[in-house]
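As structure tokens, the structure follows; a few thoughts come after it.
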Amino acid sequence: MANSATNGSSCLQPMKATSNGGFQGDNPLDYALSLAILQICLVVLVTRGLAYLFKPLRQPRVIAEVVGGILLGPSALGRSKSYMQAVFPTRSLTVLDTLANIGLIFFLFLAGLELDLKSLRETGKQALGIAVAGICLPFVLGIGTSYVLLETIAKGVDRMAFLVFMGVALSITAFPVLARILAELKLLTNHVGRLAMSAAAVNDVAAWILLALAIALSGKSQSALVPVWVFLCGFAFVICSIIIVPPVFRWMARQCPEGEPVEETYICATLAIVLAAGFVTDAIGIHAMFGAFVVGVLVPKDGPFTDALVEKVEDLVSGLFLPLYFVSSGLKTNITTIQGLPSWGLLVLVVVTACLGKIVGTVAVSRFCKVPWNESLVLGFLMNSKGLVELIVLNIGKDRKVLNDQTFAIMVLMALFTTFITTPIVIALYKPARKAKKDDYRYRTIEGKNPNSQLRVLSCFYSARSIPSMINLIESSRGTQKRDALCVYTMHLKEFSERSSSILMVRKARKNGLPFWNKSHHADSDHVIVAFEAYQQISQVSVRPMIAISSMANIHEDICATAEKKRVAVIILPFHKHQRLDGSLETTRSDHKWVNKRVLDNAPCSVGIFIDRGLGGACHISASNVSYCVTVLFFGGGDDQEALAYGLRIAEHPGVRLVVVRFISEPNSEGEIVRVDVDHSGTKAFLEDEEFLNELKNKANDGSVNYTQKIVKNSEETIAAIREFNHCNLFLVGARPNSEVALTLQRSECPELGPISGLLTSRDFHTTASVLVMQQYRNGQPNYSNSEMEPQFSPDGSEST
């Protein structure tokens, strides 16, 4: 009785949920809710901060979350006992683990949604062979390594369970992590990416089966029949799920028609089914996450219902609950247990074994299937990536006393290292863009293009806010009534994230790697696609909606590659500022500015930056109601010629009136404008301008174009002359005017715009007109956005440095 009383008094008392507040003498950290909130906030702060630091290295977020969990655990901050007792006391870990496992259940449901069984059935012999080799050889080597660990640091554990756990841990390929690495590197839709994803999908299914076997073998029961019963019940659960789950979700999908929001009832029913499946598998003795993953795999992937499920669940799960699992794992990871040369030698042995098994097995089968050497090596390193699934296996082994502290720490570091090296090695070994030869096509500019030929335009946008003005610009650009005179590719630019919705969207791209919407799947369409398809039906313009999902650091590669592939003459980009209610321009996102600069520097054709001030209003204007006044400010040079060529194309629309203003510097203006040395290029540029203007003057004579000249001698007169036309609807200007009078204007804060458009977007110049800034393709010559100094010109227009 005394012993019982002693044991009862030493047991940790459960924490109460809420406190009465600090003013009544309660410490909030002594209560479960307040402490859980603090833990979640700390975890999110640390993991997001590390993800920001690792972003330049293009590492998946799982790296930051694993490192964050280790830093918050006994390996770093946890070495302080006061910190551990205050933030992660032992009696709070039950609540923390419960929340972490709830997040894990729903995340693996999302991971199951990413795994398409149809693609698994279509897996070719190559991918199947790579998957088998990537499982068998590491599994065998893992068992061999296990015997070394059993004789050194893992004495006294269940040998059979330890062998299986080590084999599974070394043979796993993290399917969700691999999908995010491939999407980040833009390899998801090419040959290597499809091979890796197909092999990883097979590997993932095999890993879950092996994990179920390992869990069954690691039970506490002494009976040999218990693991058999656990495994058989798990198999029966999968069979029943295959029979029951798909029809239920197909019925739900039919109740959710396209274009209408999914009812809350079906979302709640789905979440309840996921939790119920988790309860069943946990009761069987496998793990609750296994049931959630099976349900996710069996949910039909077609239709808006799946997308709605992902959008409802992913942010809360991935943002708040899932990082708790990494912290829960980090609290069990104590790197300080790896002491002495023998322990570090075992770490090296495990890392080498893991890499050797995956890479050698994958490369051998790939070469047997006649895959090139560099692609075989890339596949080997891709298949070697670990991640969340690896941690799940290790944590289950740790909880079931199969892995001790030192073995657990070694395996976590192995998973971290193999995943960390994947991205940099793949970037070094394989870059599809390097192999692509620059396509050669004739019309890379609007100038010089046959007016009777089709004009191809790639128009980009970030949000639906830009669509009305963009459609109105397209409508005014279609020129003559000739059908198919204009072909427009509209590209919706979306920033890639590691959300499941981004992965699903990227995987729906066409197999050619270009970000086209597949018109056969109407469920993929949203209001953006509907808007352009509706415009195409009522107009004579061929419109192809597209989408590009990439990081802002390299989304310009998608833009330029698509322009090259589709042989467009001009790319139209949105300005990085939008108009406020008071008429001023406000920065939307600063990284959009850098996207524009990179496109200007690397574009295979002419580029226009569209500064939208509501061209045509907030809705599409029909062709019969178009009534625009478009003004071209012509100072001279290639960019101004490109702007004028586009203006002449617009002038063919019956509802557009074109006004061309040519600015000429007064000869007797030595005191106003700084002169530089003269060379023969200025005379050549002047003659080119005159030749180009001859066609314009002919059109001005027949009344279709209003042409006028302004002689100015300083910046004040230039600004005053421009103000006379600020009541138009659209300004067309060149980015690099070949005129000294233009360069006397104040330098813009956005040098990619040039001096004229910089004036038109400044706060001192009040206008409601939109602006389209044109940069003409110069066939490899340096662009204006790269130059730190604006060029200076002599009085006759010659350029000097």
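A Cβ is built for glycine as well, from the same backbone N, Cα and C atoms used for every other residue.
Residues annotated as transmembrane segment in TrEMBL: 31-50 (among others).
Taken from TrEMBL, the feature domain 'Cation/H+ exchanger transmembrane' covers 50-425.
Per TrEMBL, the feature transmembrane segment maps to 62-78 (among others).
Same-chain residues lying 6+ beyond the ends of the transmembrane segment (98-115) with a Cβ under 8 Å from its Cβ atoms: 36, 40, 175-176, 179, 201, 204-205, 271, 274-275, 278, 288-289, 292-299, 301, 306, 309-310, 313-314, 317-318, 320-325, 327-328, 388, 392, 500, 503-504, 507. The transmembrane segment annotation in TrEMBL covers 98-115 (among others).
Residues or ranges marked as transmembrane segment in TrEMBL: 127-150 (among others).
Residues or ranges marked as transmembrane segment in TrEMBL: 162-183 (among others). Sequence-distant contacts of the transmembrane segment (162-183), counting only residues of its own chain at least 6 positions beyond either end whose CB sits under 8 Å from a CB of the stretch, comprise 60-62, 111, 114-115, 134-136, 138-143, 145-146, 149-150, 154, 193, 196-197, 199-201, 203-204, 207, 210-211, 213-214, 217-218, 350, 353-354, 357-358, 382-390, 393-394, 396-397, 402-403, 411, 415, 419, 422-423, 426, 496, 498, 502-503, 506-507, 549.
If you look up TrEMBL, you'll see 195-218 (among others) marked as transmembrane segment.
Taking Cβ pairs closer than 8 Å, the transmembrane segment (224-245) reaches residues 212-213, 215-217, 273, 277, 280-281, 284-286, 290-291, 294-295, 298-299 in its own chain, all 6 or more past its ends. Under the heading transmembrane segment, TrEMBL lists 224-245 (among others).
Residues or ranges marked as transmembrane segment by TrEMBL: 266-299 (among others).
Note on the transmembrane segment (344-365): residues 126, 129-130, 132-134, 136-142, 144-145, 148-149, 152-153, 170-171, 173, 199, 338, 376-377, 379-381, 383-384, 410-411, 413-414, 417-418 of its chain, located 6 or more positions outside it, place their CB under 8 angstroms from a CB of the stretch. Annotated transmembrane segment per TrEMBL: 344-365 (among others), in sequence order.
Annotation comment: TrEMBL describes 408-430 (among others) as transmembrane segment.
Mean predicted confidence for the domain 'Cation/H(+) antiporter C-terminal' (628-778): the pLDDT average there is 78. Annotated domain 'Cation/H(+) antiporter C-terminal' per TrEMBL: 628-778, in sequence order.
Per TrEMBL, the feature region 'Disordered' maps to 780-801.
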